[in-house]
Each structure stands twice: as C-alpha cells, then as structure tokens.
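Participant: Residues or ranges marked as ATP binding site in Swiss-Prot (evidence: sequence analysis): GLY61, GLU62, ASP63, GLY64, SER65, GLY66, LYS67, THR68. Feature annotation from Swiss-Prot assigns region 'Disordered' to 187-206, 371-423, 437-492. Look at Swiss-Prot and you will find SER194, SER383, SER391, SER443, SER446 tagged as phosphoserine. What Swiss-Prot lists as compositional bias 'Polar residues' is 371-381, 452-469, 482-492. As annotated by Swiss-Prot, omega-N-methylarginine applies to ARG397. Under the heading compositional bias 'Low complexity', Swiss-Prot lists 400-412. As annotated by Swiss-Prot, phosphothreonine applies to THR441, with the evidence given as similarity to another entry. Marked as compositional bias 'Basic and acidic residues' by Swiss-Prot: 471-480.
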Amino acid sequence: MAPVGVEKKLLLGPNGPAVAAAGDLTSEEEEGQSLWSSILSEVSTRARSKLPSGKSILVFGEDGSGKTTLMTKLQGAEHGKKGRGLEYLYLSVHDEDRDDHTRCNVWILDGDLYHKGLLKFAVSAESLPETLVIFVADMSRPWTVMESLQKWASVLREHIDKMKIPPEKMRELERKFVKDFQDYMEPEEGCQGSPQRRGPLTSGSDEENVALPLGDNVLTHNLGIPVLVVCTKCDAVSVLEKEHDYRDEHLDFIQSHLRRFCLQYGAALIYTSVKEEKNLDLLYKYIVHKTYGFHFTTPALVVEKDAVFIPAGWDNEKKIAILHENFTTVKPEDAYEDFIVKPPVRKLVHDKELAAEDEQVFLMKQQSLLAKQPATPTRASESPARGPSGSPRTQGRGGPASVPSSSPGTSVKKPDPNIKNNAASEGVLASFFNSLLSKKTGSPGSPGAGGVQSTAKKSGQKTVLSNVQEELDRMTRKPDSMVTNSSTENEA
C-alpha cells in the first residue's frame, strides 16, 4: 500500500491525473448541453412544420353550377346535402412525409345575392391571408360564364373593402401575391420531386433574382389572396357541339375570355367534370399546393378542349394570342355575349290531356244548341202527311223500315191456316153462284119477250146478288165464331 503523502502528491501534482479528470467533466457537460439543444431544436422545427389548422376555402357560384357537388366529391363523400345560405364542409389533408393530418374549412355561398351578408361569418380580416377563393362557372351554360364571374368577383371585392383592413397590411398581401405570381416555375419534364415554386437561390447571377415585369392586363384586380376559376360540367362540350352547333372557334373564344379574366386576378384555370371524374384529383392537389405548400409537378394542359389546366403565373397575352389564330368569324376583342348568344327557349309541346265531360252537362249543352236552332221540316216528318199531290201511300204498306220493333215482352201472333182455307172456300162458292146466275139469265126464251126478260133479268140479278152476299156473310161469321171458341178453350 502506498503512503498517504504519496497519494496526495499524485492527486495534487501540477501535471497529474487531476487535470485530466476536470477536462473529462467539462466535455461531458458540453455534450449534454448540445444534446438538449438538438432536442429542443427538433421539437421547435416539428412545431413549425406542423400543418396549420386555420386554412379556409371560399366558394362562389350560381345556383345549379355544381359547386356543392364538386366540393363534396373532393371531400370523398358520394352524396352531399344541398344547404341554404352559407354551407360548410371540410377537406381532410394528410401529409405523408410528416405523417400529419389537418382539416381545411370550406365555405360555400348560396347563389342568391340576398345571402352575401353571410360572408362575415366565413372570412374576417384576420383569416383573409389564410383563404383561397374559388369561382365556379357552369360550362353547360357558357353564355352565363363571364357575367357570373364578374358578379362574384365584385361581391368578394366589396366584402374585402368592408372589412377595413389596414392599408399597410393590404399592400403587404398584394406584394406577396405578386411575388408568388412572378416566381412561378414550370416543373421540369420527368422530374417528379421538383417543386412547382422556385426555391431560395444559393448561387447564380443577380439576373436570376430579377422578376419579370407584369403585363398590361395582368393583376389589375389584385385581391391579395390566391384565386382559382373552376369550370364545371365540361362533359357538356359534346352536347353544345351537337345541339347548339358549337365549333372549335366557339370553345377557343370562351377559353380566351376566361384566361383574360384569370390574368386580371392572377387566378388559375381548370376544367372539371364530376360526371366523368375529369381533373378532380388534379384540382385537389393544386388546392393543397396553394394552401399548404405541397409539391406540385403538373404542367399546364391546353390540348384537350374539355380538360384545360392553366396554373397561376404561367399564362400571358402571347400564349392567349395563339387561340386567336383559329378565329374566322369573330375577333378577339368582340364582346363575349355577342358571339356566345343565349339560345332561344324552346317550349316543350305536350299532348293536351282531354278530360271527360260530365254526361249531364254534355246533354244540357246539346239541348241548348237544339233550342237555338230554327225548326226545319225533315223528310221523315213530311212522309206521313203528304198532300193529295203526293203518292197515295198508306201506313199499312210500309216497308221493313216502318215495321215497329217488337220488345222482348211482346208476343208475335202467328197466322192461322184456317183463315186461308175460309177465304179459298168463299172464292169457290162465289164462282159457283155466279155460274148458276149466268146460266139462268142466259137460257133461250121467246123472242117477243126480250124487253120483259131483260127487265126481269136486272131485277132478278140484284135479288140473287143480295142473297149471295148474305150467304157469304153468314159463312164468314161461322168460321170466326169457331176460331173464337177454339181460342177460348185453349186459354181455359
């Protein structure tokens, strides 16, 4: 064991192990402080990179333009309920890189201007910098597009002016928006990870930092917030071509005016179709890019007439002039409503439904009509009352038409064969008696008694005829009495 003095000498030596121990303690403290600093820095960085929760989207459009259906589709719901006044829903936003979620508020204003006062509940002076505006235009009715956009843009401008934002703050918002518009960079082809916006420059000449000046008609109506013009129901382009004889010239003219409007407000333009699910995913990605700064790599699309996409900052007057090269019957400066005319309203022709009239009412009308008509003699009424000049027609000689129809309860009397036999026997007796008379009167007599015989012949002829008539009457009454007795027996 070493002496105590020696141990003290070792510990207290000027260049001994004591100096090394103190150095180790200092290095450990520095490492601990650096560790805590890195942890705090990481926490603060994560806090700053967390998705904000106060972002909002404000949607304007006419009734029936499909704005609620569009936002409901972006939300992921199949069917949305149509509200009144000011509708609210939200979009779920997920950042895969940071594994973070948030909700983006969506406010949809009613198409009736009566409800524009409700904007104060959706946008305030504090929330305006965190707001994205969407103007919805109905492409199935292109004659209403420009008027609708101008109307809703003026409504938004009026509301912003009423909020009484300090001029310094408003100018700052406008300068920031101009810078974002000028800093647009089209993504490189085949580069999926390149951001749409130009990042901070680490090297390069001063010329790269100089922004290009704005054109004459660019950002003349700067609202200080991003604006997006969405044309819905673009699947109706084929219907316009068939039913309203729209040609490529009409579609280019519409697109030209839309792009000019977007240049004035620094807005993006996108054609969509919920029915065909066209450009819906593209619209969602562009919204979260403008709102949360997500990477966006889709360039401008102008080839398809019903799937146009023009991001904010890409367009200019020279690119729009390319559309004017195909104009033959219209000029670029012509008024929109002069060429895109509202078609006349076609009245639908329906088969008129005939209601059955009440029977009594119908009969009363016929009776009143007959009463108003003058009485005119008819052929049927003249026939029975013909004068002496007419043909002597008796009622008993009527044809089959004059025979009255017998009712089911009336029995038809059958002819009796005995009557025919009696008539035949009467004829035989009459001829027999006549032959006898002729023989008696025609017998030869004395010639001198010719005058007496003729006189006697006349008187005797009358007597015989009267006797014959009496005999015939008697014989006629006898068969009738026999028929009557036989019928009485049958009834009994």
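For all residues, glycine too, the Cβ spot is worked out from N, Cα and C.
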Participant: By a simple count of other Cβ atoms within 10 Å, which of GLY61, GLY64, GLY66, the binding-site residues in the record, is least packed?
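Facilitator: Comparing Cβ neighbour counts within 10 Å for the binding-site residues GLY61, GLY64, GLY66 gives GLY64.
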Participant: Around the ATP site (GLY61, GLU62, ASP63, GLY64, SER65, GLY66, LYS67, THR68), what further same-chain residues have their C-beta within 8 angstroms of the site's C-beta centre?
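Facilitator: Along the chain, the qualifying residues are GLY111, VAL136, ASP138, THR232.
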Participant: Which of the listed binding-site residues (GLU62, ASP63) has the least company, meaning the fewest other Cβ atoms within 10 Å of its Cβ?
Facilitator: ASP63
Participant: My understanding is the cutoff is Cβ-Cβ under 8 Å with a sequence separation of 6 or more in the same chain; which residues meet that for SER65 (ATP binding site)?
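Facilitator: Listed in sequence order: GLY111, VAL136, ALA137, ASP138, SER148, THR232, LYS233.
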Participant: Quick one: give me the count of other CB atoms within 10 A of the CB of LYS67 (ATP binding site).
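Facilitator: Neighbour count, Cβ to Cβ under the 10 Å cut-off: 25.
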Participant: Please classify the secondary structure at SER65 (ATP binding site) using three-state DSSP.
Facilitator: coil
Participant: Could you tally the C-beta atoms, other than its own, that fall within 10 angstroms of the C-beta of THR68 (ATP binding site)?
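Facilitator: Counting Cβ neighbours of THR68 (ATP binding site) within 10 Å gives 22.
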